[in-house]
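Annotation comment: TrEMBL describes B:Leu12, B:Gly13, B:Ala14, B:Gly15, B:Asn16, B:Val17, B:Gly18, B:Ser19 as NADP(+) binding site. Feature annotation from TrEMBL assigns NADPH binding site to B:Lys106. Annotation source TrEMBL lists L-homoserine binding site at B:Glu191. Positions annotated as active site, proton donor by TrEMBL: B:Lys206. What TrEMBL records for B:355-433 is domain 'ACT'.
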2 protein chains.
Amino acid sequence: MIDSRTLRIALLGAGNVGSQVARLLIENRTELAARAGADLELVGIAVRDVDAKRDVELPRELLTTDADSLIVGADIVIELMGGIEPARSYILKAVESGADVVTGNKALLAAHGSELLEATEQVGAEISYEASVAAAIPILRPLRDSLAGDNIRRVLAIVNGSTNFILDRMDQNGDSMADASQLARELGYLEADPTLDVEGWDAAQKATILARLAFHTSIDTERVYREGITGVTAEQIEAAKSAGYVIKLLAVAERLTAEDGTEGVSARVYPALVPREHPLASVHGGNNAVFVDAEAAGPLMFYGAGAGGLQTASAILGDVVSAARRHVAGGPGLVGSSHAALPLLSIDDVITKYQINLLVEDRPGVLAELAGIFESLGVSVQTVEQFVAEEEGLATLIVGTHSAREKALRATVEALREAKATARIVSVLRVEGAQ
Amino acid sequence: MIDSRTLRIALLGAGNVGSQVARLLIENRTELAARAGADLELVGIAVRDVDAKRDVELPRELLTTDADSLIVGADIVIELMGGIEPARSYILKAVESGADVVTGNKALLAAHGSELLEATEQVGAEISYEASVAAAIPILRPLRDSLAGDNIRRVLAIVNGSTNFILDRMDQNGDSMADASQLARELGYLEADPTLDVEGWDAAQKATILARLAFHTSIDTERVYREGITGVTAEQIEAAKSAGYVIKLLAVAERLTAEDGTEGVSARVYPALVPREHPLASVHGGNNAVFVDAEAAGPLMFYGAGAGGLQTASAILGDVVSAARRHVAGGPGLVGSSHAALPLLSIDDVITKYQINLLVEDRPGVLAELAGIFESLGVSVQTVEQFVAEEEGLATLIVGTHSAREKALRATVEALREAKATARIVSVLRVEGAQ
């Protein structure tokens with residue numbers, strides 16, 4: 001299906017990922033042409049400063065500060081500037097002028113995904129964004145295409161490499177949160193301002209994108225329930241380890257029926273206990289993995305590098321070649337649908353298990369008193385472990401619950417906190433991925 | 001993009017997978033229509049015997065023995081009969097009449113893939129076959145689309161669930177090959193005639209399909225180098241375990257430069273030693289996994305169920321919805337290209353590591369004598385372990401080599417076999433996935 005056509009590629013941004021994309025488009029031009037069925041000509045690279053120093057040397061004549069002129073006349077526009085504006089306006093301009101768009105901009109997609117997808121669909125173009133979640137790991141196309149005939153029940157994802165690196169160091173090397181974070185900064189895993197990563201904002205954006213594709217539903221990323229990793233302590237990691245768990249920051253998207261019967265989806269981010277034998281438990285360092293549970297397919301996992309300029313460039317180029325093939329074939333683009341329009345349910349409705357670690361008075365009758373609290377709130381206890389605490393007159397109690405609604409679990413923790421027998425709630429963590 | 005169009009779906013075959021596909025097409029018709037942008041009407045199911053007993057009850061009026069009439073007028077034909085004929089003729093007929101084809105027929109694709117792809121491309125139709133490798137695991141579309149801009153170096157795949165079940169039982173439970181095989185038969189993992197599985201034919205067919213998509217190259221499945229698992233012993237499994245390895249039947253497809261400089265691909269199937277820390281080592285039971293190493297993306301792994309009627313139906317329906325979307329959008333289909341046309345290189349050219357277990361005379365000078373053999377054939381030794389054997393006067397020697405050409409490694413084993421100091425070569429296994 002090779003023809004003599006040339007497709008004009010415009011690149012916006014030449015940072016870590018952009019410069020690798022430019023290099024690969026130039027170096028592999030012949031091979032990419034054979035795969036795409038058309039020559040892919042990089043016609044220009046829009047940058048803020050033409051003279052800025054870059055890791056990869058780029059042809060000087062391709063660099064321009066005039067993104068607007070570059071976009072007009074391009075067949076495929078690759079947006080790698082990041083941030084909301086001017087990226088959003090440039091993408092809309094590209095789509096209006098009939099170009100296909102490839103982007104890795106998760107913040108923009110999470111905040112304005114519906115607007116961009118609708119604008120794209122209206123003109124019959126296509127917007128692809130495989131690089132926006134889990135870098136090089138093919139996960140968005142598989143969700144959109146390969147699993148298009150299945151019903152996805154749940155997605156559990158490690159999609160933030162920085163926090164996985166930190167938690168993995170704490171788990172594998174016994175580092176404190178401070179030491180692990182310092183190392184992450186030194187190795188370039190953490191930005192100068194780590195808030196987006198450690199507070200779970202980045203993972204929440206990715207949960208939004210995953211939920212859209214998995215459940216054909218557009219959700220508001222601001223309303224994704226979110227807890228970061230800043231409260232995770234070395235003691236919790238140790239306790240998790242001895243109980244057969246590992247703590248992972250998970251982005252969860254799942255189909256859910258609320259207590260009142262409403263069918264909806266839950267999207268949430270929090271550090272959770274994952275059983276050691278679960279495939280997600282062996283995702284180490286800065287790697288990412290997306291675990292998908294589908295009705296027919298059963299459990300699936302997609303694993304690989306979650307960051308890196310070169311790795312992310314792989315996903316961008318996959319989207320570029322796919323867009324080019326569509327251009328050669330003709331016909332309008334495919335846009336992930338949000339026809340299901342399911343409501344985003346509250347964290348209160350989520351069904352999960354709690355692992356509660358508390359200090360209690362070391363005297364007869366305490367266990368019965370606390371067990372009564374669980375019972376009265378309708379939360380069923382699965383495991384109890386009790387041992388003498390270091391503090392005089394106190395015992396440590398570790399209670400694992402059966403699955404229950406978050407609302408009841410939270411009420412239980414509050415009641416435990418108020419109970420006469422309780423000295424202190426040490427830690428409360430949710431369990432994901434257990435039977 | 002929902003329109004009022006109805007697409008006519010014809011199903012050929014109502015076995016384990018086919019009956020699940022029919023059930024899901026009927027039960028999920030409304031949801032599938034929303035995703036595909038057109039109603040998907042199952043217009044008929046061609047079977048050999050209309051009255052045969054089936055696991056899933058299917059509407060009697062859809063069943064027919066007249067596949068030919070069913071195919072004419074269908075928009076999408078799903079072929080799940082298996083075998084070469086009449087499946088091949090039916091697919092060609094479907095393509096000629098303008099239908100898109102979805103199939104899971106690995107034997108047919110391995111043997112006649114090029115013919116079918118060319119026929120499909122000529123009329124602008126599309127043939128999809130995600131279900132043919134690793135059942136529900138999305139791997140073929142990711143290779144074709146998501147990794148279209150990357151250069152794949154190597155694919156290491158566990159694609160035969162039956163043999164993985166047997167080897168995993170031997171490894172995890174200490175079963176003998178006979179006991180593990182018997183259990184596999186009882187649980188339905190092995191066919192009455194297990195030759196296709198245990199001799200590696202099934203894996204070789206899948207290696208052929210993977211190599212085509214990974215390297216844009218059509219290869220002859222009959223020429224895929226193949227060793228089955230029948231020679232694997234409980235002793236080998238034990239020895240592997242104590243050396244930090246697990247034995248897996250791998251389908252390997254990789255880019256390779258032959259000794260004479262020829263650029264080509266290698267496709268091969270054999271039981272290999274995989275380091276315990278490699279992601280493939282933790283693929284248990286009947287599961288499948290495909291490990292892909294790409295230049296830009298780095299290492300990726302795709303994991304999930306490798307068999308099952310329902311699981312495989314997920315892949316079939318993903319292809320059906322994707323084909324339907326393309327029908328709605330218009331334009332010709334996308335066909336994986338084989339433009340690279342790389343030669344299939346001989347096993348002699350493969351670069352790998354050997355782990356050689358041999359019994360030698362227990363006397364001074366033996367190690368020097370044998371070391372001389374390795375040296376003279378240009379094979380470098382990485383590890384040597386020697387201990388007293390159970391047999392009087394003999395020692396067990398376990399030699400791990402550095403990477404070398406298969407040809408030199410095989411010559412080394414032959415020379416060792418002839419050496420005066422050697423009593424017996426106990427086992428020779430290749431190592432894959434090590435640094």
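Residue numbers in this text run from 1 along the chain shown.
Glycine too: its Cβ is placed from the backbone N, Cα and C atoms.
Caution: TrEMBL annotation is automatic and unverified by curators.
The most crowded of the binding-site residues listed here (B:Asn16, B:Ser19) is B:Ser19, judged by how many other CB atoms sit within 10 Å of its own CB. For B:Gly13 (NADP(+) binding site), the Cβ neighbour count at a 10 Å cut-off comes to 26, with all displayed protein chains included. Here the binding-site residues are B:Gly15, B:Gly18, and the one ringed by the most other CB atoms within 10 angstroms is B:Gly18.
Calculated from their C-alpha atoms, the gap between B:Gly13 (NADP(+) binding site) and the residue listed as 'NADPH binding site' amounts to 15 Å. Same-chain neighbours of the NADP(+) site beyond B:Leu12, B:Gly13, B:Ala14, B:Gly15, B:Asn16, B:Val17, B:Gly18, B:Ser19, judged by a C-beta within 8 angstroms of the site's C-beta center, are, in sequence order, B:Leu11, B:Gln20, B:Val21, B:Ala22, B:Leu80, B:Met81, B:Gly309. Looking only at the binding-site residues B:Asn16, B:Val17, B:Gly18, B:Lys106, the one with its C-alpha closest to the residue listed as 'active site, proton donor' is B:Lys106. DSSP assignment over the domain 'ACT' (B:355-433) gives 24 helix, 35 strand, 20 coil. According to DSSP, B:Leu12 (NADP(+) binding site) is assigned to a strand segment.
In the three-state DSSP scheme, B:Glu191 (L-homoserine binding site) is classed as coil.
The CA atom of B:Leu12 (NADP(+) binding site) is located 15 Å away from the CA atom of the residue listed as 'NADPH binding site'. Taking the Cα atom of each, the residue listed as 'L-homoserine binding site' and the residue listed as 'NADPH binding site' are about 16 angstrom apart. Distance noted between the C-alpha atoms of B:Val17 (NADP(+) binding site) and B:Lys106 (NADPH binding site) is 14 Å. Under 8 Å, Cβ to Cβ, and six or more positions away along its own chain, B:Ala14 (NADP(+) binding site) finds B:Ala22, B:Ile45, B:Val47, B:Arg54, B:Leu58, B:Leu63, B:Leu80. B:Lys106 (NADPH binding site) is surrounded by 23 other CB atoms, counting those within 10 A of its CB over all protein chains shown. B:Lys106 (NADPH binding site) sits 15 Å from B:Gly18 (NADP(+) binding site), taking the CA atoms of both as reference points. Minimal Cβ crowding within 10 Å, among the recorded positions B:Val17, B:Lys206, is found at B:Val17.
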